[in-house]
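My questions will all concern the structure given below.
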Amino acid sequence: MSPLETNPLSPETAMREPAETSTTEEQASTPHAADEKKILSDLSAPSSTTATPADKEHRPKSSSSNNAVSVNEVDALIAHLPEDERQVLKTQLEEIKVNISFFGLWRYATKMDILIMVISTICAIAAGAALPLFTILFGSLASTFQRIMLYQISYDEFYDELTKNVLYFVYLGIGEFVTVYVSTVGFIYTGEHATQKIREYYLESILRQNIGYFDKLGAGEVTTRITADTNLIQDGISEKVGLTLTALATFVTAFIIAYVKYWKLALICSSTIVALVLTMGGGSQFIIKYSKKSLDSYGAGGTVAEEVISSIRNATAFGTQDKLAKQYEVHLDEAEKWGTKNQIVMGFMIGAMFGLMYSNYGLGFWMGSRFLVDGAVDVGDILTVLMAILIGSFSLGNVSPNAQAFTNAVAAAAKIFGTIDRQSPLDPYSNEGKTLDHFEGHIELRNVKHIYPSRPEVTVMEDVSLSMPAGKTTALVGPSGSGKSTVVGLVERFYMPVRGTVLLDGHDIKDLNLRWLRQQISLVSQEPVLFGTTIYKNIRHGLIGTKYENESEDKVRELIENAAKMANAHDFITALPEGYETNVGQRGFLLSGGQKQRIAIARAVVSDPKILLLDEATSALDTKSEGVVQAALERAAEGRTTIVIAHRLSTIKTAHNIVVLVNGKIAEQGTHDELVDRGGAYRKLVEAQRINEQKEADALEDADAEDLTNADIAKIKTASSASSDLDGKPTTIDRTGTHKSVSSAILSKRPPETTPKYSLWTLLKFVASFNRPEIPYMLIGLVFSVLAGGGQPTQAVLYAKAISTLSLPESQYSKLRHDADFWSLMFFVVGIIQFITQSTNGAAFAVCSERLIRRARSTAFRTILRQDIAFFDKEENSTGALTSFLSTETKHLSGVSGVTLGTILMTSTTLGAAIIIALAIGWKLALVCISVVPVLLACGFYRFYMLAQFQSRSKLAYEGSANFACEATSSIRTVASLTRERDVWEIYHAQLDAQGRTSLISVLRSSLLYASSQALVFFCVALGFWYGGTLLGHHEYDIFRFFVCFSEILFGAQSAGTVFSFAPDMGKAKNAAAEFRRLFDRKPQIDNWSEEGEKLETVEGEIEFRNVHFRYPTRPEQPVLRGLDLTVKPGQYVALVGPSGCGKSTTIALLERFYDAIAGSILVDGKDISKLNINSYRSFLSLVSQEPTLYQGTIKENILLGIVEDDVPEEFLIKACKDANIYDFIMSLPEGFNTVVGSKGGMLSGGQKQRVAIARALLRDPKILLLDEATSALDSESEKVVQAALDAAARGRTTIAVAHRLSTIQKADVIYVFDQGKIVESGTHSELVQKKGRYYELVNLQSLGKGH
């Protein structure tokens, strides 16, 4: 049970609300602080602790993390509830456990897929049957050889017989080519197609799940499932199925032939097959178990990686890359442990199989000699039976390397199909429920009780009844965690209330069709999520499912532009070089917060919805935009039902009804004037936010406590559009005399098209470097691989000896028995040696392979964290793409280690030893046979090359589609509220379709070469028999010499063929190695690991910007700072204000040295920061940003991420927490500092998360404190307290604060007003108000008085 889960009846836990995601608003701050208690003193409600399980736009939590609640725990936690309430919670959390059989992997195969598979199966079986048929020809030729050696037939008769049999071999070869080609292409095609269907069904299922289900899922988990796990399935149902069927067909056909020839001998030899099956069955059980545990650990690691990469600015600012990497490595170590066990079991299983096979030969040969002496069978039949058993058993050895792929596929599918089979209780795809032809939009909550499924022990809303009349605006206010966002979640039907009803025009919304309901509602959240496409398409998403969806393109464009104008976004959009076609980047990161918010508002109003939900819709805007957008929203709200949640009370004064929520209950409601007159909680909230303007009473005589008139709005709109027009004009920066830094010169160009190419040898050395510490294991593995590879050539000699022993005449039967006993014993000895060598080689390479994967993942993760911020701004380095790279590509690296490497070495030894023995015993025949081997190798190499090309092409397509799926699922609330589920699925489907088409051509070409390499074995055999037979006919060779040369080369060549069945793994490995090498070779312009530059001992805190010009590397055409000059004296508190997109946050980013300026210089204490040691410099800075970043782990661990050291005195920690006003709250939790915060801090509210982030910043005791809208996520109460804490913390250090809420910065020593990347005004609050310039206008807009 998570530490936050305590007695549901205790006052501390009386109310903990799982937060919203896109509705982060509060997410639960606790009114423990004295100030907060005072403000709510009129209310007799108990003090509450509210914790919530979601953050920002939904990033689901990891099921493997501590905060996930298991079903059994849920049962215990909800035991005190009535049965019907328990049922509501359980249906929202229920998980399906599915048992998948291997054939279940094809559950989505189409009729065409099945037809292709049937044909491919027939061909694979036919291909496998070809080799055993050779034993019949072999028996026939053996007797022919015996007759020519005894001079029983003439040379001509012999030659005719020989030619006829050799031609049969050629026909078999042609048949083999056709069947192998068809089966390989067929299985790769159906494998890809079936996996595509699984990917599509999985995404569809994820999109139809209820939001409560996501509250316990890790963000990295969906990415891992849709990339790594589906790749495992594809690996298990593609060409390896064909290879396995072929091997099994060889086995079965060979044994049928053996039984027909002489069943007694065949039966005795078959006894070991039972032992083989038992060995495989027992081993597979362990393999599945260990494989699943390893996958689970990698999934948990994926979630950590996703959390860290998605908040890279925070990790960089605090220099905590090493600590975070260690957290990631904990999961990697766990995965390595289970992975190693898995591989060791596999090694022992293969060793046992080889040991049993060789023992089988010894047994068969020994019994055969007895039957021969008894006269029950002749030499030819024994040879056919033994040859058939040899080939059959050998082919069974080819099955085992694929067994792992099949078991992994089944393990991966179990989780994926579990999600696919889950019936969502709130299914947006469902057609159930009625739709209303006409409705007014009257919303009513009647006796609603709500409990979040992921926090079942806490009641967040108790018996709330609230009427929100049609066409009116209802505002919800109250402290963090009071249940405001819960109302939004219930109206959108993200959750089901456990009791009571939510009504729309008197209809219970659970009787209405879910998709239809959401299409009538538009939601704008505090932290808007845009999708990685153009502005135009983002706004157009608001039309999905509405009556305007299928309008003409001209009409749609008109609607979109009107919506943008209404949201005050049209001007800034048209000022962008590409206008509405500008790509906003993943989650809209290329736009400022205010710009994103305005596009989100445009998206919400474009469909003219009947119901509008505004969850702090203007909190991310600066005052100027807010005033205009607020007026636009008020205009948009006319005639429709609007629910507004606001921390800034100035935005809701005009609401028809204001509802004050505290502790999940309604404290009071009424209009602004009524509530202020009443003097209750609302009045105190208003006073907390009032800007202190007494000193400027004269200056503000006319403007005090007034709101904007329409004329003011029009004036500001004109001003804002006029100023925005400047953006449209190309700004030339005169760079004469300025030195453009290397980084900006490089960054301002588009990424180069060419990527470095590496030779195979370079990549092999590179991969080997990961295994340097395992050299002893590697050497053991290599030595034992060589020994294991010697088994087959030894067996060929033993086999030839067996044939010559069995050919002894009756007069030498006593010698025959003696020799038979000896050679049989030799087979048994070889079997024991094979068991030891195969097992040891498997275990040694298991250690190497798993450590390689762990080390590669760890190093890659650390290298990613080393990169500069510009690297993460690029589309190809999005969170999804990098998380996918870590999970998938590292797995591929093992294609040149472990089992593959061992098998290749073993095969090389087999081939080498076979050639040497053959040359020593009969060089003429050996040379003829060897001549074909280079052709075999060339075919295999070319196939390897083809697959590497195919791999690099397909990787891009899958990465793009996986990234798209990750973006959609991590923004699930936005997708759900826009009813974009089908749209998302269709885009994903189209991306996968395109990938399927490109890969097919590549598969057709590469399979041609693979089939050739298989067929050449038969031509090789034909050539060997023909030439060897000729030598026998001329009595140059005896039977022993012929069979040694022939067996050595035959099986040697077949081994050479099997090496290339590993070509797909090697192809993937080569491509992955190149990707890794490219990443490791990338030297960031601002290197977080760099030891260069001057290290600072102390910092006074004087800051100066001199004529700084800057453009973001991803948008070089868009100037951001245009000659910024700014001075901050040591210890000053400086505030930056201005419209969104004017360069305030950019100034903070440049000070943190996330980027380098294009021109000009930034000085701290008179030193250019680009010349300072980066880590030394950053250690004197602390950053608190608008969106607080917490990681999975405890509160204490999160606060300690503020410093590099692991140990810090307890009193420092406590002081930082007290300064941030979070200490009392932490102490009120049952687990105190050891409380788990959940994925991305989701168990805490926005206000609580922000205060933990502030404590983390203060723990560093920074000389320079950077506050980027540090209090914007807080409600008035928390903000007042935290602001006081920040004011106190700012004493004695230089502080730069970016703020939209002017009440937070009126005491600043200097306020700089930004516009268009320059400073237009500066001075103190009172000086600037007296100037009556731009700042005065902003103050006026935010003034909080009584209503109109």
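Here the Cβ of each residue, glycine as well, is placed from N, Cα and C on the backbone.
As annotated in Swiss-Prot:
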BINDING   478-485, 1138-1145  ATP binding site
COMPBIAS  1-10  compositional bias 'Polar residues'
COMPBIAS  20-31  compositional bias 'Low complexity'
DOMAIN    118-408  domain 'ABC transmembrane type-1 1'
DOMAIN    443-688  domain 'ABC transporter 1'
DOMAIN    779-1068  domain 'ABC transmembrane type-1 2'
DOMAIN    1103-1341  domain 'ABC transporter 2'
CARBOHYD  Asn99  N-linked glycosylation site
CARBOHYD  Asn314  N-linked glycosylation site
CARBOHYD  Asn550  N-linked glycosylation site
CARBOHYD  Asn877  N-linked glycosylation site
CARBOHYD  Asn1088  N-linked glycosylation site
REGION    1-67  region 'Disordered'
TRANSMEM  114-134  transmembrane segment
TRANSMEM  168-188  transmembrane segment
TRANSMEM  240-260  transmembrane segment
TRANSMEM  268-288  transmembrane segment
TRANSMEM  344-364  transmembrane segment
TRANSMEM  371-391  transmembrane segment
TRANSMEM  778-798  transmembrane segment
TRANSMEM  825-845  transmembrane segment
TRANSMEM  892-912  transmembrane segment
TRANSMEM  925-947  transmembrane segment
TRANSMEM  1015-1035  transmembrane segment
TRANSMEM  1042-1062  transmembrane segment
If you measure Lys1144 (ATP binding site) to Asn99 (N-linked glycosylation site) at Cα, how many Å is it?
55
Using a 10 Å cut-off, grab the number of neighbouring Cβ atoms around the Cβ of Gly1138 (ATP binding site), all chains included.
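Cβ-Cβ neighbours of Gly1138 (ATP binding site) within 10 Å number 26.
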Can you tell me the three-state DSSP label for Asn314 (N-linked glycosylation site)?
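Helix, per DSSP.
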Check the Cα-Cα distances from Lys484 (ATP binding site) to the glycosylation sites Asn99, Asn877, Asn1088 and tell me which is shortest.
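The answer is Asn877.
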Which of 168-188, 344-364, 778-798 has the most Cβ pairs closer than 8 Å to the transmembrane segment (371-391)?
344-364
Would you kindly check 114-134, 344-364, 892-912, 1015-1035 and say which stretch has the most C-beta pairs under 8 angstroms to the transmembrane segment (240-260)?
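If we count Cβ pairs closer than 8 Å to the transmembrane segment (240-260), 114-134 scores highest.
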Name the one residue among Ser482, Gly1138, Ser1140 whose Cα is closest in three-dimensional space to that of Asn314 (N-linked glycosylation site); these are the binding-site residues.
Ser1140
Residues sitting near the transmembrane segment (892-912): Cβ under 8 Å, six or more positions beyond its termini, same chain?
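Contacts of the transmembrane segment (892-912) (Cβ under 8 Å, skipping residues fewer than 6 from its ends): 343, 346, 401, 404, 764, 767, 770-771, 781-782, 785-786, 788-793, 841-842, 845-846, 848-850, 852-853, 856, 933, 1051-1053, 1055-1056, 1058-1059, 1062, 1065-1073, 1076.
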List, in sequence order, the same-chain residues at least six positions removed whose CB sits under 8 Å from that of Gly478 (ATP binding site)?
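Counting only residues 6 or more apart in sequence, the Cβ neighbours of Gly478 (ATP binding site) under 8 Å are Lys484, Val660, Leu661, Val662, Ala667, Asp1275.
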Against which stretches of its own chain does the transmembrane segment (168-188) lie, if we need a Cβ under 8 Å and a gap of at least six residues from its ends?
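Distant Cβ neighbours of the transmembrane segment (168-188) are 116-117, 119-121, 123-124, 126-127, 130, 133-134, 137, 237-239, 241-242, 245-246, 1003-1004, 1007-1008, 1010-1012, 1014-1019, 1021-1022, 1025.
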What stretch, picked from 114-134, 344-364, 1015-1035, has the most CB pairs under 8 A with the transmembrane segment (825-845)?
344-364
Name the range, of those listed as 118-408, 779-1068, 1103-1341, that has the largest tally of Cβ pairs under 8 Å with the domain 'ABC transporter 1' (443-688).
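Ranking 118-408, 779-1068, 1103-1341 by Cβ pairs under 8 Å to the domain 'ABC transporter 1' (443-688) puts 1103-1341 first.
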Taking the transmembrane segment (1015-1035) as reference, which of 114-134, 344-364, 778-798 has the most Cβ pairs under 8 angstroms?
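The stretch I would name here is 114-134.
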